[in-house]
């Protein structure tokens with residue numbers, strides 16, 4: 001018996017090391033950033049068994065076979081729909097500013113999706129304003145409402161939105177809700193699901209979380225977009241989930257979440273509707289492309305061109321990272337950024353440093369307290385390098401600053417759902433608007449300025465005096481930054 005146990009031990013060790021070698025080869029032969037590969041190898045070798053298990057769960061971008069097959073089949077019809085927008089009167093590059101012109105070139109060449117003019121935009125920056133505006137538009141809806149959100153959390157004004165949707169469905173409006181399974185568990189356990197479905201509302205869980213699916217696709221791949229499209233005439237997108245902050249994560253110790261949404265009318269609404277259709281088909285297999293936009297532009301109309309930049313599985317690789325890099329490289333005077341989660345890729349970090357080193361004012365505004373301690377400490381590991389390069393860093397003390405925005409030269413801006421971390425840049429389903437509109441950008445710049453006024457600037461001399469314990473935590477979590 002003793003010999004048997006000895007043999008079993010040796011066999012187990014051999015199997016384990018064969019597994020480790022196999023996973024190591026898989027890591028090495030995957031084409032990805034060196035820092036990501038090294039981080040995974042460190043986890044695999046330092047944390048026995050668990051490291052290998054974690055790699056199978058989170059190590060590779062795996063959408064799942066059914067979704068991956070659908071995405072491949074969808075690419076051609078959606079690309080054809082996008083390409084037809086080039087013939088739309090709203091796509092006229094002769095009137096584009098220098099910032100949007102280059103981004104239009106990039107997105108058009110890689111995805112076939114052009115920037116479109118003839119939009120109206122309204123920046124909304126308080127949860128009450130946002131939710132009441134959404135409710136008002138739902139109450140006026142005539143034909144259809146499409147929504148996709150990462151988090152839908154019952155309570156407060158979020159329940160008023162649910163009630164408005166039920167009433168809209170009862171008067172014949174077709175409503176489709178696509179909500180991330182991991183982000184919206186409270187909603188899916190609430191009474192609202194049964195009430196909405198009984199009213200005729202279609203509700204789908206995106207990327208359903210289940211113990212039976214852990215080896216079928218990557219669990220931390222999430223549907224992170226926030227889109228509302230009403231009657232294909234009005235759209236909303238931005239950083240805010242469908243939550244009332246007064247009822248959301250009150251015990252997290254980070255304060256109220258600070259967000260924005262953009263209310264849009266014009267040709268861009270149809271593009272956002274198409275993105276919802278893409279996400280809906282990936283989950284359900286059901287196709288319903290919207291009608292192409294009808295341009296109502298006249299010679300006297302303001303242009304307000306917007307480039308919609310979707311990203312995630314099925315979309316061109318690294319597109320949003322390329323848009324961010326291109327936008328900052330075109331800056332002549334200033335770059336001002338807000339992001340709740342700052343764990344940049346090596347390329348994005350170098351772009352920030354280079355932009356500051358060529359004399360452009362670069363300002364980074366991030367929350368002082370974060371709902372993810374790992375991200376909070378990993379973010380601070382980049383401070384010294386950025387401060388030495390001339391980047392100004394502000395820590396916001398007025399709550400969890402969740403707004404994702406970039407303002408370039410006070411002329412051009414990016415707003416949407418994308419955080420400056422690896423998960424948003426390389427993994428999740430995300431959405432960004434590149435907006436070439438002076439008036440809107442000025443409002444966004446002033447809002448960012450109000451964030452700075454509620455912030456503390458991090459001075460390099462003071463930062464160098466932080467404790468050894470803080471430095472230790474920063475460097476520990478920095479090792480995992482490629483995976484955060």
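Just so you know, the numbers here start at 1 and follow the chain as drawn.
From the backbone N, Cα and C atoms, a Cβ is placed for every residue, glycine too.
Listed in TrEMBL for this protein:
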| type | residues | note |
| --- | --- | --- |
| ACT_SITE | 224 | active site |
| ACT_SITE | 226 | active site |
| ACT_SITE | 231 | active site |
| ACT_SITE | 402 | active site |
| ACT_SITE | 404 | active site |
| ACT_SITE | 409 | active site |
| DOMAIN | 219-246 | domain 'PLD phosphodiesterase' |
| DOMAIN | 397-424 | domain 'PLD phosphodiesterase' |
| TRANSMEM | 6-29 | transmembrane segment |
| TRANSMEM | 36-58 | transmembrane segment |
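Locations of recorded TrEMBL features on the structure.
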residue : record      : contacts (Cβ under 8 Å, 6+ apart)
224     : active site : 150, 180, 183, 417, 424, 428, 429, 430
226     : active site : 148, 149, 150, 236, 237, 238, 239, 240, 241, 242, 261, 417, 431
231     : active site : 141, 142, 143, 144, 145
402     : active site : 239, 240, 257, 258, 259, 340, 367
404     : active site : 239, 338, 339, 340, 415, 416, 417, 418, 419, 420
409     : active site : 99, 331, 332, 333, 334
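For the domain 'PLD phosphodiesterase' (397-424), the number of residues in each DSSP class (helix H, G, I; strand E, B; coil) is 3 helix, 13 strand, 12 coil.
Residue 224 (active site) falls within neither a helix nor a strand when secondary structure is assigned with DSSP, and so counts as coil. Looking only at the domain 'PLD phosphodiesterase' (397-424), the predicted model's pLDDT averages out at 95.
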